[in-house]
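One structure is given here, and the rest of the page talks about it.
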Amino acid sequence: GTFIVNGTERVIVSQMHRSPGVFFDHDKGKTHSSGKLLFAARVIPYRGSWLDIEFDAKDIVYARIDRRRKIPVTSLMFALGLDGEAILNTFYKKILYKRTKEGWRVPFDANRFRGYSTINDLIDADTGKVVLEAGKKLTVRAARQLQEKGLKALRLADEELVGNYLAEDLVNPKTGEIYAEAGEEITDKLMKALNEQGYKELPLLDIDHVNVGAYIRNTLSADKNMTREDALFDIYRVMRPGEPPTLDSAQAMFQSLFFDAERYDLSAVGRVKMNMRLDLDAPDTQRTLRKEDILSVIKTLVDLRDGKGEIDDIDHLGNRRVRSVGELMENQYRIGLLRM
């Protein structure tokens, strides 16, 4: 049948479009001259704002809403109500380094220490025997053999902790003074200060730059927003440039972007696809985004950058769906009714 829309005769035919859901992709090395692969994720709703999360050439992670100016992804997480420490704990495991008379005792894990190059001899913390001489690299095989032999913990000297990152804020319980914040890099100077304060345990982030990169931590330290308010204002300025933000309006606008069923709809198809891709178990009726969805998109993207997992093929027909005539008519009716 034909329709008359605004006085012109129209025929509706079904069309194919990208299925709602989440897609992971890289630029195939085209953007940057070095040919480095920059990974990106995109959450496409049936209707509403698109959310892009992408790496830049310096391995900082950014978010874009509706293809606008990019903001550091940590600002998006602040706006979701996380603080710096919570962000780091979402993306990184914690390892407790314990102080002994001889040095720092670290639990040994073959996966973590593979590819580790030594400054000093690596010493078994329990027996005091040298497991690997200085200046050598611990191969995957050697690491596995050590684990099978029952190596539980290593002893590391102060200088081998330098370059690691703290997992928690270190606060003086008596005065409430903060010595160092979560995500701060350990320097010689900080190491001395911590020793003077007599710290017996240090929770550090499991970042070895081989299996786990420091991308989120570096994004956090490059992000100029430190609180939820700053982040909400920043997002408001990106979405509505030139308007002075108030906390209420910024909060309302952020809420309406992805979490308001009136304005954002993944559709049942989009939700099912998203659950499949991210291993989530949200019900099909949950058609707006949740905090967990956004965090697991970021997590999956960071895993891709660390070499775990595969990207999606956009042209694959499994990632497309057909919009039938009824659906296109429904959209036309919605537009018409909204104009009345």
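Including glycine, each Cβ sits where the backbone N, Cα and C put it.
Among the features that TrEMBL reports, domain 'RNA polymerase Rpb2' is placed at 38-90, 214-323.
Under DSSP, residues within the domain 'RNA polymerase Rpb2' (38-90) fall into helix, strand and coil as 14 helix, 19 strand, 20 coil. Taken through DSSP, the domain 'RNA polymerase Rpb2' (214-323) splits into 62 helix, 5 strand, 43 coil.
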